[in-house]
Amino acid sequence: MDGNESRHHAVPDDSKAPLLPISDSITVKSSHSLNSCIQSVFTLQNFFILLGPLLCAVICLCVKFDGPGSSGTATAATSRNMLGVLAWMFAWWLTEAVPMPITSMSPLFLFPLFGIASCDDVAEAYMDDVISLVLGSFILALAVEHYNIHRRLALNITLVFCGDPLNPPLLLLGICATTAFVSMWMHNVAAAVMMMPVATGILHRLPSGPTRSNEVTNFCKAVVLGVIYSASVGGMSTLTGTGVNLILVGMWRSYFPEADPISFSTWFFFGFPLALLIFFALWAILCLLYCRKSSGQALSAYLDKSHLRRELDLLGPMAFAEKMVLAVFSILILLWMTRSITDDTPGWGALFKGRAGDGTVSVMMATLLFIIPNKKQKGERLMDWNKCKKLPWNIVLLLGAGFAIANGVRSSGLADILSKALDFLEAAPYLAIAPIVCLISGTITEFTSNNATTTLVVPLLIQIAKTMHLHPLLLMVPGAIGAQFAFLLPTGTPSNIVGFTTGHIEIPDMIKTGLPLKIAGTLALSILMPTLGTLVFGTDKEVVHMTNGPFLHRHRI
């Protein structure tokens, strides 16, 4: 009995006993939970999320504007609210506190809540002719990518430029020219993504590692830098090459609906010569720094025409589907170029009394891709909607946000208030201020996206032009083009990141090449805008009307 009692009263198993008292364990767990909760709330990302609304609140509470804007319903409060919304949106854009496409949609709720514009008015900015132009051209670009047409085109053109014996500067010219040409007809980031595998495929033939000579290393740098910069330069020449050009055209039509719109052909007649000058400046800089003709002997053992021919043979003959996509794309380019030619030769657009735009034919030709069979399998078309899942909706939404902001800045009266602070610029000569405008845009764009820079800068430049009694395009175009001079840092544009991730280039290489290229681009733009720009855009006209009244008198330079 005593033994049983002793067994019943034995000390409990230590393995089952808690190491700490229950109350202490609960306290420790709750303390850890509280700490983790605090750490999850007080993060840098959450601070950036709050930064936008905080800046907006500070502006709405502390900033005071005197008097109403010049537009009919604009008030000082509306102008102040618009400034606060701008601070909110650009804080989120710059910090990427929330995804950029979501920030781009924020005017749809911010403008109505702050009394800037109705929901219907804001929504209209997200779908107009420029947006339809983007959608149609992106679908065609996806078709080109799907059928590998860009690779075939790149290899054929590069084969022509290779030279026999090998001429490295000529081969570099071929690679850069091909990239620039592809970028003319699709977004420059897509062109860089498409062409970089072609370029690195050529570079893979070269030796790597510590035994590689300086000539080979420098040629690799020249090719990668050439691809990323040629994509940016080529995109300047057409409306579809980059979203910046589309934002500029959309804002021009929004601010000046009574003025002649900037058509695809109009922009091409100015953008192509400008891009050509900058392109040859890029080639000269790369040849001078990295790609001397004397390096041909070191490269010829690894790189010749036989490699390119072998890559081309692997693609096989051009199929029916490829020929049809190329034909549709060529017809679209022809329609873009001939819709509006000159005042004496109006183009096919006159048949529809101005109702058809560049976006009209862009969507129409894209629609044909879903109708024409590809002759691979019965019932299959050149394109189907599954192939369109890679459509860059982020760019489409960013364009819409840019148009909405431009409308809001104007209708709220904020544009008029900002213009009053710029009266001191009235005495400045145009030839002095144009390079400064380009330099400011080119600096801002190194730290934020090209499109966001354009959206911020162009409305302000319109008011500066008003103050200086200049034709607005004389400042709008340098501001927009300057926003595409993102040549110094990898973060300047996604195209730069595409090249930086190859491992062939470093930041000093980008700065060494990008700085003289930025200077050359600024000089070319400053010379061409008051000369060729006057002929193409008609900047010598005496009066241009804004939506809220006469804008300017005769421009001066």
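Placement of Cβ uses the backbone N, Cα and C atoms for every residue, glycine included.
For the transmembrane segment (47-65), the residues of the chain that approach it from at least six positions outside its boundaries are 76, 79-81, 83-85, 87-89, 91-92, 95-98, 417, judged by C-beta separation under 8 angstroms. Residues or ranges marked as transmembrane segment in TrEMBL: 47-65 (among others).
Long-range contacts of the transmembrane segment (77-94) within the same chain, counting only residues at least 6 positions beyond its ends with a Cβ under 8 Å from a Cβ of the stretch, are 48-49, 51-53, 55-60, 63-65, 69, 100, 103, 106-107, 110-111, 114-116, 401, 405, 408-409, 412-414, 416-417, 447-449, 452, 456. Residues or ranges marked as transmembrane segment by TrEMBL: 77-94 (among others).
Within the chain, the transmembrane segment (130-150) has long-range Cβ neighbours (under 8 A, six or more residues past its boundaries) at 182, 185-187, 190, 194-195, 198, 239-240, 243, 246, 249-250, 253, 315, 319, 321-322, 325-326, 328-329, 332, 357-366, 369, 382-383, 387-388, 390-392, 395-396, 399-400, 403. As annotated by TrEMBL, transmembrane segment applies to 130-150 (among others).
Annotation source TrEMBL lists transmembrane segment at 170-203 (among others).
Residues or ranges marked as transmembrane segment by TrEMBL: 223-247 (among others).
For 267-291 (among others), the entry in TrEMBL reads transmembrane segment. Sequence-distant neighbours of the transmembrane segment (267-291) (same chain, 6+ residues past either end, Cβ-Cβ under 8 Å): 168-169, 172-173, 176-177, 180, 218-219, 221-222, 225-226, 229-230, 233-234, 236-239, 245, 249, 337, 477, 481, 512-513, 516-517, 520-521, 524-525, 528, 532-533, 536-537.
TrEMBL lists 312-336 (among others) with the feature transmembrane segment.
Taken from TrEMBL, the feature transmembrane segment covers 356-372 (among others). Long-range contacts of the transmembrane segment (356-372) within the same chain: residues 128-137, 139-140, 143, 239, 261, 263-264, 324-325, 328-329, 331-332, 335-336, 339, 349, 381-385, each at least 6 residues beyond the stretch ends and with a Cβ under 8 Å from a Cβ of the stretch.
Non-local neighbours of the transmembrane segment (393-410) in the same chain are 71, 82, 85-86, 89, 99-101, 103-108, 111, 116-117, 121-122, 125-128, 130-131, 134-135, 187, 243, 246-247, 250-251, 254-255, 449, 451-452, 454-455, 458-459, 546-548; each lies 6+ residues outside the stretch with a CB under 8 Å from one of its CB atoms. As annotated by TrEMBL, transmembrane segment applies to 393-410 (among others).
Per TrEMBL, transmembrane segment is recorded for 430-449 (among others). Sequence-distant contacts of the transmembrane segment (430-449), counting only residues of its own chain at least 6 positions beyond either end whose CB sits under 8 Å from a CB of the stretch, comprise 93-94, 100, 398, 456-457, 461, 464, 468, 470, 474-475, 478-486, 488-489, 491-493, 518, 521-523, 525-526, 529-530, 555-557.
The transmembrane segment feature in TrEMBL is assigned to 470-489 (among others). Taking Cβ pairs closer than 8 Å, the transmembrane segment (470-489) reaches residues 229, 232, 235-236, 242, 244-245, 247-248, 251-252, 255-256, 270, 274, 430, 433-435, 437-442, 444-447, 450, 453-454, 457-458, 461-462, 464, 496, 507, 510-511, 513-515, 517-518, 521-522, 525-526, 529-530, 533, 537, 539-541, 544, 551-552, 555-557 in its own chain, all 6 or more past its ends.
Look at TrEMBL and you will find 519-538 (among others) tagged as transmembrane segment.
When Cβ-Cβ distances below 8 Å are used as the criterion, the transmembrane segment (519-538) is approached by residues 260, 262, 266, 269-270, 273-274, 277-278, 281-282, 285, 430-431, 434-435, 438-439, 442, 471, 473-474, 477-478, 481-482, 485, 557 of the same chain, each at least six residues removed from its ends.
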